[in-house]
């Protein structure tokens, strides 16, 4: 069974993504790219040195991260205004870029995936899609993902990651998703001018 994977970013970054694809942090910083960052600096510092324990190797900054479901805990954190660089901005300015695990494999790009947040000390790394059964799929479709007394790792597992080495070409993105019709019109004006036509969908249920 193929599985969809989800990367969200600020619409500010779309022009560059359409032109160059989704680039990993290491590539972005190597060419001193200007982009709107929606992450925590302290977490990024950890990701810069966290080794990926699969044959493709490297650190997390060598990979483009995707989630296995929309409405991630990170998106909720952004919505609550807890990410400084994005504190006074709206979820409407965030867009999902969607593809599938099999699409990445068939493109021949090295990948890895984890069963929980990739920097978590207990994260297990895999590089074979046959091991996707290690992902907590019922949790991925659950409305509530908070930790409980009985299950204190729910949030970490909900943030399991699919990691694509180096760069995801724009041609491999299968769908672009926005929160509102207004955002979809803005996004469509960007992506429809790109080299590969993309479907732009409105799915408010993917947001908080």
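Here the Cβ of each residue, glycine as well, is placed from N, Cα and C on the backbone.
TrEMBL does not curate its annotations; it predicts them automatically.
What TrEMBL says about this protein:
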type     : residues        : note
DOMAIN   : 3-208           : domain 'DarT'
BINDING  : 7, 8, 9, 16, 47 : NAD(+) binding site
ACT_SITE : 47              : active site, proton acceptor
ACT_SITE : 161             : active site
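If you measure from the Cα atom of residue 16 (NAD(+) binding site) to that of residue 161 (active site), you get 23 Å. Cα of residue 9 (NAD(+) binding site) to Cα of the residue listed as 'active site': a span of 15 Å. A distance of 10 Å separates the Cα atom of residue 7 (NAD(+) binding site) from that of the residue listed as 'active site'. Here the domain 'DarT' (3-208) returns a mean pLDDT of 96 for the predicted model.
Considering only the binding-site residues 7, 8, 16, 47, the Cβ with the fewest other Cβ atoms within 10 Å is that of 16. Every protein chain considered, the tally of other Cβ atoms within 10 Å of the Cβ of residue 161 (active site) stands at 24.
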